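S.K.: Not my notes, these are from TrEMBL:
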COMPBIAS  B:1-20  compositional bias 'Low complexity'
REGION    B:1-58  region 'Disordered'
COMPBIAS  B:27-44  compositional bias 'Polar residues'
COMPBIAS  B:46-58  compositional bias 'Basic and acidic residues'
DOMAIN    B:64-354  domain 'Protein kinase'
BINDING   B:70, B:71, B:72, B:73, B:74, B:75, B:76, B:77, B:78, B:94, B:95  ATP binding site
ACT_SITE  B:190  active site, proton acceptor
REGION    B:361-391  region 'Disordered'
COMPBIAS  B:375-386  compositional bias 'Basic and acidic residues'
């Protein structure tokens, strides 16, 4: 089918489609790499602290190091891949909320793109390395740019609650883009839903065109009659037009939430996603629509050996059923107290302790590594970073140091002794 | 071809992360400026201290070697590069400069170009092979290497002679590229001769997607400040915010006319001048020939004493005799004032001109010009929508990069 | 064919006697002998008329059971019936194995072919391995019908052009002779005229000028004739050059037809034939470059869809004037409704994970495989 070939050329299919197994494996890998490094980083931080104290006091404490290390390793309890998933899901939902803060609210598609950016980002990064609350606004801002919904960074920052500055929002942008492998196009199921609904409406008015392979045998009138003879989905449905509108609306709601906050985009194609959601919204209607494309069970079972559509139909129905199940299982955090409780435990306590201290300051870390700044001072030029920008960043870091102590519910700034660590970080990078 | 690269790489990262103890040893290896130190063994000596995404990026970056600089502009620097594995496989590496004045992160031009080129794969659209970041967060686009300059060069060079068959071949390739963009619901919005680059085999490729965007959604405003003035259609000059693929078709028509005349056909020196020159050339837009035109935001009422009637076939045939009657008809359909009456890219390709005599020249037999490499450098460093018509500016660039010619 | 061999043994004196009716040339001086290439048994013309006029019949020679047809009887060309037979065989084989030198990769291959052909002829002449050789020959003939025909046509063409060229050359020679004769006559006429001129001038002039007048007259004649000669040379050379280029053109034409005719390459029997690529017939120009416009498999696009949400646009002249086209929206929504419906990620992605163990973000021409082998551990500065 030519439409499928077109989809195969998309970056979403080429780079961001996974089997359940490969998705799981990838997340496990990301988690284990991040856990190792969090432990190592925390250990280094502690060593540094210790040596700092010992150098100031002048009394080394030999022998106690090993014991301390062992004790601390026990203390550092990292997130599991499942817990990481919970965190990412939670912040995916937060993006929907954040979009409401603007007037007018950000378009659904911008928010959906941002959510997918966030989910793609956390396939190769762990929340322990980069806290989602730092990444989330950046992903949303990037989505406004890539989806042609222009807002200046300043305008955007006004909608972000808390003390997040414009610089904080934009700091991880490059990191996010790199994790997205510089693919910005996300193929959503929303527009496809509109197409399907339009076609159903056309059918209901006797204007439906049969699919090319049913062209001579079906007439618009056949299609209309078949549609009108469907068993009613509920007693309240008065007209076919209302029924389609209702199905349209509920499908859209599923696509706005369940499809975003599950792995649907990784496992299924947009066409499969909207049809799965449609099946949940009004099964007879959705099945009728599929039959107009792939032939009903009677047509196909009569001579399914010759009919390639039969094989496609069988496979597709299984896939759609799986996708429907995935979408149906979704429950928002707000309506799931137990889940919310677990999440608070994960984010509030556990993530607080296993946050990688060396990655907390994204802005300072990426833009100007300490050593690079030093080198640039000696031999200006080359790096391409202008003097003024360095000054700007230096100032910014000073400001950050001032606000280090503030903490909020989900983590806050963890890192103490930042100066020391930044020095170390610089040493490692160059 | 399609490979999801995340899984296998990630596992290699996991493997290397286990020897975290060797960290410092590996560090020194990574930082060594000595290129010969690159191990030839298939075993990857990864730095476990780099994030998975950084490693993935490094993998891409290490596929290529940057050679000499081809050109530099305010927006980007372009290098000639090649695959590490195959010194004969050239690529152009476009390094996008960090814009210090733009505080909102990566510029829209870069975002658009990367976003759309990642999705488009067609013989008449410049191929984006890879994207990677280099130090200091510079974005590098690995683009198809197109060494034979652009159409503007061929049009301007009076030593190059070409005829109707050559024009047909070039226009055919342009129209295919534009049609493919529109089939993927992407508007290019900056079609002009110097964005049409020529590959080593003579194939014309649509480049510079810095102003591209997806289209077709209802009620979405788009900016009318796109497309270089001489190639901008009247609806954009009148400030239309909802438009269609017809804008690119107009630009195609202007390129067609320029190929035939060897000078820009309607070259206004301001937006207002551009409108009056269009009216002069094709006729004055009125409610009769273009319903609703007077309601466009920036519509300027025509001087009632100077209404030019809509030009017919005769005019086009007289102005462009080389196109022949069928070609003139095609040009007329591209240059129709009312965008709804203008041909779509698909209709353009369905026109009888392509099958009429003379046959389009085979791409390998098309007139060519040497020294296009530098031109590619210039073309890729330009910012979208810029007019590049001052010859002394080119001369200055020539001095700068004369040494880079191959 | 074996019967022919014993016959050959006792020929000679009975040449003059018909082996069938035993009538002799002595009694019948007009008697003519005929043979049939089926068995090469000789018999007189009247026997042939008598036995075969009413249709095919068996050869009357004792022990020979070949069925002969009257129309195949012909006069013997060579006195030796063995030579006659060999020439026939040779002609038949050469008609089938009619490969030309230019069809072979090398001179060596062509020589091998010639040798092989001689061997086949010898086999048939001497009756060794006849059945196998015949069947090989037949198979080859069937497989290579087209190139055999083409080469035959070429040969015929060459023969006729050779004949033409000969007659042409003869004609040229005749013209040259004619021209030479004319020239000679002209020269003589001029000489006579010149002489008369000198004589009349001498008669009219003073006696002292006589010698000068005679000398001058002679010079003029010489000049005229040499000028004429060089002019004729020039024309002749030009004609020769033209002839040559014509011949070259004809040769080239012949070569290309041979090339075209033979697409089978190595036939089973003959080795070392050039692999000939038939040039692809030029395809008509396809403006769409191989893609099919507006092809859709899951749906048929209409020009109008009922949608109340879109109705305001249909009425909005400003949007219309800007060129906004709902058709593009219909097209896009329906494309996205079905793009990827039949892509089963679980199947397709697991397949691609098997086929490639290394990650390549995007296909770059064909170097994917090569890249996978590359070790990417290196200095990060290497590429800048």
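Heads up, the Cβ atoms here are built off N, Cα and C, so glycines get one too.
All TrEMBL annotations are machine predictions without curation.
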S.K.: For the ATP site given as B:70, B:71, B:72, B:73, B:74, B:75, B:76, B:77, B:78, B:94, B:95, which other residues of the same chain have their Cβ within 8 Å of the site's Cβ centre?
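M.R.: Once B:70, B:71, B:72, B:73, B:74, B:75, B:76, B:77, B:78, B:94, B:95 are set aside, the remaining close residues are B:97, B:377, B:380, B:381.
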S.K.: Drop a 10 Å sphere on every Cβ of the recorded positions B:72, B:190 and tell me which sphere holds the fewest other Cβ atoms.
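M.R.: Comparing Cβ neighbours within 10 Å for the recorded positions B:72, B:190, B:72 has the fewest.
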S.K.: So which of these recorded positions, B:70, B:72, B:74, B:76, B:78, B:190, get their C-beta under 8 angstroms from chain C?
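M.R.: Cβ contacts with chain C under 8 Å: none.
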S.K.: For residue B:76 (ATP binding site), which residues of its chain lie six or more apart in sequence with Cβ-Cβ distance below 8 Å?
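M.R.: Correct list: B:94, B:95, B:96, B:97, B:380, B:381.
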S.K.: Rounded to a whole angstrom, what is the C-alpha distance between residue B:74 (ATP binding site) and residue B:190 (active site, proton acceptor)?
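M.R.: Cα-Cα distance, residue B:74 (ATP binding site) to residue B:190 (active site, proton acceptor): 18 Å.
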S.K.: Quick one: pull the CA-CA distance for residue B:70 (ATP binding site) versus residue B:190 (active site, proton acceptor), whole Å only.
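M.R.: Distance (Cα to Cα, whole Å): 22 Å.
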S.K.: Tell me, how many other CB atoms lie within 10 A of the CB of residue B:95 (ATP binding site), whichever protein chain they belong to?
M.R.: 21
S.K.: Mind giving me a neighbour count for residue B:74 (ATP binding site)? Other Cβ atoms within 10 Å of its Cβ, every protein chain shown.
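M.R.: Cβ-Cβ neighbours of residue B:74 (ATP binding site) within 10 Å number 10.
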S.K.: Provide the number of Cβ atoms within 10 Å of the Cβ of residue B:78 (ATP binding site), excluding the reference atom itself.
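M.R.: There are 26 of them.
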S.K.: Greatest CA-CA distance (Å) over the residues B:70, B:71, B:72, B:73, B:74, B:75, B:76, B:77, B:78, B:94, B:95 that the record ties to ATP?
M.R.: 14
